[in-house]
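This report concerns only the one structure given below.
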Amino acid sequence: MTIQAAPSIAAGLRHIEHFVVDTRHTVPQVDTSWLGFQEMPPVLATAMMVAFIEQTCIQSLSPFLEPGQKTVGIHVDISHIAPTPIGMTVTADVELVAVDAKTLLFNVSCHDEAGLIGKGTHRRSIIDATRFMQRLQDKQAAAMALRADVR
């Protein structure tokens, strides 16, 4: 089965979302077992900014996907250029700039109340969710079989 973007998914689609940074979005909270992160300042983590950009792209596309379709991130090229402390509002602005069959390219940016904090591009791919989950289960089963062979 060939997957392609619906005609309603076209360049020019734009979506904006906001959130307020709290402790769980900061560098020390990304993974509390990573000791190096515990020594970092409590600012918005790059990983969380990228996740918020992905969330904004997902939300922009969800009304246009066919039943059973989802999108997955396949590439990020984003610069995190300024820190954001706890309590500030972050705004993600994403614009779909190219559609190539099932691959979608977004220009993305994030701002806080003081200005630009991140910008770049993000690619997503439209998938058949059932097929994707089956492939994931097959991969997991193959990995478990390899582990069993090692023992």
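Note that Cβ sites are derived from N, Cα and C of the backbone, with glycine treated the same way.
Quick look at what TrEMBL annotates:
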DOMAIN    36-129  domain 'Fluoroacetyl-CoA-specific thioesterase-like'
ACT_SITE  Thr46  active site
ACT_SITE  Glu54  active site
BINDING   Gly73, Arg124  substrate binding site
BINDING   Gly73  CoA binding site
ACT_SITE  His80  active site
Segment confidence, the domain 'Fluoroacetyl-CoA-specific thioesterase-like' (36-129), expressed as mean pLDDT:
97
I need the nearest neighbour of Thr46 (active site) among the recorded positions Gly73, His80, Arg124, using C-alpha distances.
His80
Among Glu54, Gly73, Arg124, these being the recorded positions, pick the one whose CA is nearest to that of His80 (active site).
Glu54
For Arg124 (substrate binding site), name the DSSP secondary structure in the helix/strand/coil scheme.
strand
By DSSP, what is the split of the domain 'Fluoroacetyl-CoA-specific thioesterase-like' (36-129) into helix, strand and coil residues?
23 helix, 51 strand, 20 coil
